[in-house]
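Asker: The annotation pyruvate binding site is assigned in TrEMBL to THR52, VAL216. Among the features that TrEMBL reports, active site, proton donor/acceptor is placed at TYR143. Annotated active site, schiff-base intermediate with substrate per TrEMBL: LYS173, in sequence order.
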Amino acid sequence: MGSPRKKLQGLVAATLTPMTENGEINFSVIGQYVDYLVKEQGVKNVFVNGTTGEGLSLSVSERRQIAEEWVTQGRNKLDQVVIHVGALSLKESQELAQHAADIGADGIAVIAPFFFKPWNKDVLINFLREVAAAAPSLPFYYYHIPALTGVKIRAEELLDGIQDKIPTFQGLKFSDTDLLDFGQCVDQNHQRQFALLFGVDEQLLSGLVMGATGAVGSTYNYLGKKTNQLLEAFERKDFSSALSYQFCIQRFINFVIKLGFGVAQTKAIMTLVSGIPMGPPRLPLQEATREFTDSAAAKLKSLDFLPFADLKGGNLGAYS
Ligand SMILES: CC(=O)N[C@@H]([C@@H](O)[C@H](O)[C@H](O)CO)[C@@H](O)CC(=O)C(=O)O
């Protein structure tokens with residue numbers, strides 16, 4: 001991994017947490033998972049224990065072990081390993097933040113507490129500051145995901161003057177469709193000192209046009225290669241190709257959203273595409289149905305995201 005102060009950019013895969021059929025963490029496949037992301041998807045940054053990683057459904061001990069495994073397996077292979085350490089308990093969040101620093105992670109991220117909710121920006125910043133202070137050497141990212149936390153404090157409000165309060169603040173993971181809010185974050189970031197990472201994969205191109213400096217998402221686990229083509233087209237100002245890539249990605253995401261799409265389904269798709277068993281999700285999530293997986297497989301194939309050989313060659317076997 002690179003120096004902790006290197007700016008986080010490009011694609012960041014929001015990693016899944018592989019589990020066994022008994023619901024235990026399957027640490028044994030994380031090394032293979034790292035290699036798959038780097039070699040097959042061209043993705044060299046990971047966001048661990050977030051939404052996709054079922055971070056809030058895991059025990060603190062499991063979260064620590066998973067973070068350690070990603071840091072260990074990612075050494076000299078991944079550019080950055082960012083650990084999500086958000087929790088309802090400030091103490092747990094601080095413990096996880098300190099642990100992330102101790103094991104040599106490259107950054108930490110925190111969502112807003114969502115049971116007793118911060119009712120204004122200052123209260124939210126007070127909470128975030130206490131967590132950040134537990135890992136004073138690590139870049140700190142705020143993870144804005146209002147649809148799941150129910151905390152609707154606008155990101156642009158939060159950003160205003162944040163580095164005076166949280167000196168390690170390094171950026172934002174913006175998992176929302178409010179492009180006015182996101183645009184105003186970019187507008188404030190005059191010196192481009194912060195990483196502004198867009199978190200809605202099906203709208204990435206809009207985020208890039210608005211000024212996103214990178215992206216964190218679940219689909220980069222298995223559509224990283226295609227999304228990197230989108231990023232490259234955007235970089236060379238070939239907007240027509242960038243739009244074609246985005247539409248292609250949208251066709252798939254739109255299709256699975258209509259079937260019912262979430263972390264469980266992402267696990268099934270990743271198992272299918274990579275051949276690495278991701279296992280079931282943890283309750284209250286429910287495992288994807290066979291019908292979902294078959295339909296997703298057919299769609300991936302029709303979009304050329306999954307060569308026929310892969311379908312025949314055992315990846316479906318890895319799922320069943
Ligand atoms: C609500 C949700 O899970 N959003 C995803 C997206 O990647 C999302 O799966 C994708 O845009 C498809 O809708 C990410 O923003 C979440 C994420 O990065 C994480 O797992 O921490």
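From the backbone N, Cα and C atoms, a Cβ is placed for every residue, glycine too.
Unlike curated entries, TrEMBL annotations are predicted automatically.
These numbers come from a predicted model, not from an experiment.
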Asker: Name, in the order they occur in the sequence, the residues of the same chain whose CB lies under 8 A from the CB of LYS173 (active site, schiff-base intermediate with substrate) and which sit 6 or more residues away.
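Answerer: Long-range Cβ contacts: PHE47, ALA109, TYR141, TYR142, TYR143, HIS144, ILE145, LEU197, GLY199, VAL216.
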Asker: Using DSSP, would you call THR52 (pyruvate binding site) helix, strand or coil?
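Answerer: Once the DSSP labels are grouped into three classes, THR52 (pyruvate binding site) ends up as coil.
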Asker: Taking the Cβ of THR52 (pyruvate binding site) as reference, which residues of that chain separated by at least 6 in sequence fall under 8 Å from it?
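Answerer: Within the chain, THR52 (pyruvate binding site) has Cβ neighbours under 8 Å at ALA14, THR15, LEU16, SER218, ASN221, VAL263, THR266.
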Asker: Under DSSP, is VAL216 (pyruvate binding site) helix, strand or coil?
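Answerer: Note: VAL216 (pyruvate binding site) is in a strand by DSSP.
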Asker: Using DSSP and three states only, what is LYS173 (active site, schiff-base intermediate with substrate)?
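Answerer: In the DSSP reduction, LYS173 (active site, schiff-base intermediate with substrate) maps to strand.
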